[in-house]
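Shown next, in structure tokens, is the structure this report addresses.
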Amino acid sequence: MAPATPKTSKTAHFENGSTSSQKKMKQSSLLSFFSKQVPSGTPSKKVQKPTPATLENTATDKITKNPQGGKTGKLFVDVDEDNDLTIAEETVSTVRSDIMHSQEPQSDTMLNSNTTEPKSTTTDEDLSSSQSRRNHKRRVNYAESDDDDSDTTFTAKRKKGKVVDSESDEDEYLPDKNDGDEDDDIADDKEDIKGELAEDSGDDDDLISLAETTSKKKFSYNTSHSSSPFTRNISRDNSKKKSRPNQAPSRSYNPSHSQPSATSKSSKFNKQNEERYQWLVDERDAQRRPKSDPEYDPRTLYIPSSAWNKFTPFEKQYWEIKSKMWDCIVFFKKGKFFELYEKDALLANALFDLKIAGGGRANMQLAGIPEMSFEYWAAQFIQMGYKVAKVDQRESMLAKEMREGSKGIVKRELQCILTSGTLTDGDMLHSDLATFCLAIREEPGNFYNETQLDSSTIVQKLNTKIFGAAFIDTATGELQMLEFEDDSECTKLDTLMSQVRPMEVVMERNNLSTLANKIVKFNSAPNAIFNEVKAGEEFYDCDKTYAEIISSEYFSTEEDWPEVLKSYYDTGKKVGFSAFGGLLYYLKWLKLDKNLISMKNIKEYDFVKSQHSMVLDGITLQNLEIFSNSFDGSDKGTLFKLFNRAITPMGKRMMKKWLMHPLLRKNDIESRLDSVDSLLQDITLREQLEITFSKLPDLERMLARIHSRTIKVKDFEKVITAFETIIELQDSLKNNDLKGDVSKYISSFPEGLVEAVKSWTNAFERQKAINENIIVPQRGFDIEFDKSMDRIQELEDELMEILMTYRKQFKCSNIQYKDSGKEIYTIEIPISATKNVPSNWVQMAANKTYKRYYSDEVRALARSMAEAKEIHKTLEEDLKNRLCQKFDAHYNTIWMPTIQAISNIDCLLAITRTSEYLGAPSCRPTIVDEVDSKTNTQLNGFLKFKSLRHPCFNLGATTAKDFIPNDIELGKEQPRLGLLTGANAAGKSTILRMACIAVIMAQMGCYVPCESAVLTPIDRIMTRLGANDNIMQGKSTFFVELAETKKILDMATNRSLLVVDELGRGGSSSDGFAIAESVLHHVATHIQSLGFFATHYGTLASSFKHHPQVRPLKMSILVDEATRNVTFLYKMLEGQSEGSFGMHVASMCGISKEIIDNAQIAADNLEHTSRLVKERDLAANNLNGEVVSVPGGLQSDFVRIAYGDGLKNTKLGSGEGVLNYDWNIKRNVLKSLFSIIDDLQS
């Protein structure tokens, strides 16, 4: 929802919430004030409405004496808010005349103006009925208002003097007729920034503002009844178009011109707009290419020189920026508002119903929002997939006048560009998980042209690709890069993209191959942004990247480069280094490069880590739904959702890394399991850690903002407090007998942590940082800062002395200073004491109780005070930057190592809570790593789970009744492969996924939801599940099946776990059966992995009934043949299923009986005919008439062993393509083959 802003109301709030007669009387008295008689000869002046700033309440303090006799710095006392204040000018004859001579008929709702009364009065009764006004700060904005505002708004228009009864449900922003005039940009800027000198703009609801001059232009605001987004149902039903889910209520931002007719005004504007911006009709890029051109660059816009010559300074300032980021939504700062022009304004209107201003600005269509709502509206555009550019004022109006006087326009420049993949502001980040922006580059396998390679290797490289990638989480500043060689199917790229799932991708135009491009887009996050940039000029090559790093001076010297950057450049990894260059260009364009690259948080990414962790490739991550489900792409029901119980944001991001790379080494797994056991038993330690971690903010992201100097002061204080909490934890754990990884992580805290944290304990006034969001250093810390503070105190003392003098002079102790908008330190004097006011004092405001003045000396001191505070504000910002720089000096040596340790401990707590949450039964897995004593090679793997449940079903269940458990045993005493058959929907796929999930949990160091678990460490899980085609990647169902199967055959080892579901069903029955039989034999005999093959080919089991490493399994069911009802028991038993029972499932789905009966007859005939043909062929091939079937796999193996390369994994060997084919595996091959022969003979 949009940030709600209190709306300025032209009427008082009444307790009953309705427009009572008292309210009308009050409004009448307000209007009659403007029509009172003025002595003749008084020069007439225009009636000015207050700026937004003058409509706010300013809390003030009473003047008190210092107990030590000195003067206190508090110069203000509270105002009596029962006084009703009204708006006026020094003279009002023009208004009186306009009202009396108006040619337009008056509305029935208009109030009569009493032109004979010299002064307007308001009764106490009126005031008593408007108590809800008290102590409310008033801010005018385009967009929001309170629900309790009156339904009717009365607006006095200039010249005509007509009071308009507004029935609009929108807020409107109405500048003066000259505001935004193309010939008066300077004044336009000045008026937008009025009120900057004071944070609040007045302490009364309706203030008598007597202007000194008539030349200044003011904005008039027309606010009408409109609910705040926080308090109104966004999807309310009205006559307008239906709101979108995130759509804010209708708003308008309408510059007003004092034309006689709104229709003629709008028509005139539209005509001028069309004439001046005719070149926007046929959009072209900066090189004048039309949209139809393949090389069209949507980021730029061509503006003809004739248009440039007609632009005002303000227009030039805007279009200079907008033309270079035509694909961005540009928020342009104007005073206390951000404005959208032309295409951006129209888009805002179409998407979010932000109203288009009727009169525009400088002939540009516009919509506007208050500056305080920028983050909300920027986030709305970003969620819709747009980029947002923020153009801010680099100086205040006062600073501009101090710099060059009244000439010129306020400096503005592009502050930042916000995109969904590169957000750094904590308020705009809605997830604790990392969001990545990735740059990718592709080159052919022979890119490096290595002449020393033999011809066969060169031919192989022609079928490979080289990829370079670099990706960054801009919120933390962590940048990772890599270069890798991939196969023709881009297997590794698929894995990388599945792990990273970037929100934004930068790629060189026409660089990626068709397949790589499809993989990148298919595996990126939903609504990801894809940026195609120019080769060389924007996506830097290796040499250009090096030159940019040197010229931009991210690092002091070349020796100061991060190790991975230095290594890539020195070793000639040009593709990876160029990928970093592509990312560097994009960060420069976003104006993030200085802050992020200089952090030196650059590492090499290893997406496999095969030596230290289990490998989960991209297909497996998708098939097992590790991070996102296949239903809606969220994490509901995923394994990550089960494990994501970390307390700190850093811990949640670390947990994702842990889950991508489960442990592989037995000692590492056991150590983590010991830690989990320790935390499960030591409740006190757990509570201590959890309480401490719950107090920690997102330190990793805050450190990045400290480095970029964008952190808020109060957040900087939070960082120091958080590290103080950490050293308290460290101190309290000194005497604890910590076990496992907890002890390892606690001891990894840097030695200088305590000293570094204590040096910041008293660096500045902490409480002021929390309460006032300012840094006040200890006296003597900064000389310039001390001088500035002394100057402000000196001015306050002088003002205090003058005030005390005035009190004595007027013999009135109630004289005080008041701030009202940009007029600060105005002298407020009770009416009873104003008769002695000197004639040279200038009256600034008045009500029935007080009048406010400026004397010459106070006006001068007030101006000096404003300038002093402006200078002090700059010093405060500079001081914060220097403090951030000092803190950031220990980023890599102290702060980040500490955060890493905390994140790891938090992950241990998360695994502990997951283990506790599994319910009963659950157990600690037993890890067994068997090695051949003679050859020191790993023996074949095995696993055994008793009464295993799927952990993502019925989370937190306390009994096993909620899910039907199953025993799973592969390897060791049982065959390594299970050939699983059964009816459709009987639970085969669930069994397959459940086995894989259990293995991952065990190697994560977590308890497993079963009665007992014993397994060897599994090096890789590979899956072939489902029968979906892949339109995004241009692959058919059968192609997807075979491509995934090839990866299994290439990468699997005797310690891998394979899951293959219904291989071959994408092709014809004969082709599919042949492929399934061949693959199963090769895996069972030569690769010797653990795994399951689920199939509906009933005869496949008979082909392997003699194979010692294939075990037939089935899912049990109960069948009622009469009604064709099937009861699924979800229990896995040994044996072969009687069939797939497809007709029964069809009946359960409601297909008509006639169709099912016909299908059953056809199926019976087909099965009978197929069996007769097979038996006849077998009999014809047997001389003795006996039907003996020799498996095709056995025949092939003997041919290769006898006539090929024998027991080798060469092209003609029996184990062709097998990754690991050592002597133990070869011995098992021979055992299997001879076992099959023995069974055939028997």
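Cβ coordinates come from backbone N, Cα and C, glycine included.
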Looking at Swiss-Prot, which of SER145, SER168, SER556, SER1170 is flagged as phosphoserine?
-> SER145
Pick from 27-34, 75-82, 1083-1090, 1139-1146: which range does Swiss-Prot record as motif 'PIP box'?
-> 27-34
Feature phosphoserine, as given in Swiss-Prot - residue among SER166, SER201, SER634 | SER201
In the chain carrying ALA986 (ATP binding site), residues 6 or more apart in sequence that have Cβ under 8 angstroms from it = MET1115, SER1116, ILE1117, PHE1128, TYR1130
For the recorded ATP site formed by GLY982, ALA983, ASN984, ALA985, ALA986, GLY987, LYS988, SER989, which further same-chain residues have Cβ atoms within 8 Å of the site's Cβ center?
-> MET1115, PHE1128
Select the most exposed residue of ALA983, GLY987, LYS988, SER989, where exposure means the fewest other Cβ atoms within 10 Å, treating these as the binding-site residues.
-> SER989
Identify which of the binding-site residues GLY982, ASN984, ALA985 has its Cβ surrounded by the largest number of other Cβ atoms within 10 Å, counting every protein chain shown.
-> GLY982
